[in-house]
Amino acid sequence: MSSLISGVKGTAQSLTALRRPWRDFFDISAVDLPSSTSDATTRIAQNLTHFRLNYTLILLLILLLSLIYHPLSLLTFLVILLAWFFLYFARDREEPVVIFCFFIDDRIVIAALFGLTVAGLVLTGVWVNVLVALAVGVGFVILHAALRSTDDLVMDDLESPYGHVLAGGDDELDSPRGDYSGI
């Protein structure tokens, strides 16, 4: 029980550290039209990386609002959300899920939770509402990410969507030619 509580606390602290201030998220002065398609895609990639938890919370809020008039579906959604939280997000990754003395792989846990989510949506009859809510939410996220300028964002290379490209060894930084040698 104490490991579950410490897992929940650790997950809550890591999620709180990932969330960016809403003041920065809704900063009206940072909104302008992108100059080109490549600028828009770069903004989308950087904003999705920088504000990923804020966007997730907005998507969940839109999804919850779409289920307001379906209390059984809302209750089912909240139970499934708790199952995702406790079985996947708040759980220590080094300790596998054990059911009846059998170790369950993470891929099986994800597949089971995904199946439970789809079954819950289909059986409660709100899958159309959920698809429309997700389409509206994704549209909002993409529109915000494209219109929100990234000039004022402070991002380190590990957070950047291009971090894997930028993260090279120290040897590559010594020479502008990289691994190539002269003839």
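Positions of Cβ are set from backbone N, Cα and C atoms, glycine also.
Curation does not apply to TrEMBL; its annotations are automatic.
Model, not experiment: these values are computed from the prediction.
Pulled from TrEMBL:
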type     : residues : note
TRANSMEM : 51-68    : transmembrane segment
TRANSMEM : 74-90    : transmembrane segment
TRANSMEM : 97-120   : transmembrane segment
TRANSMEM : 126-147  : transmembrane segment
Give the nonlocal contacts of the transmembrane segment (51-68) in its own chain as ranges (CB under 8 Å, at least six residues past its ends). 15, 18-20, 22, 25, 74, 77, 81, 126, 129-130, 132-134, 136-138, 140-141, 144-145
With a Cβ cut-off under 8 Å, give me the same-chain residues at least six positions beyond the ends of the transmembrane segment (97-120) that come close to it. 73, 76-77, 79-80, 83-84, 87-88, 91
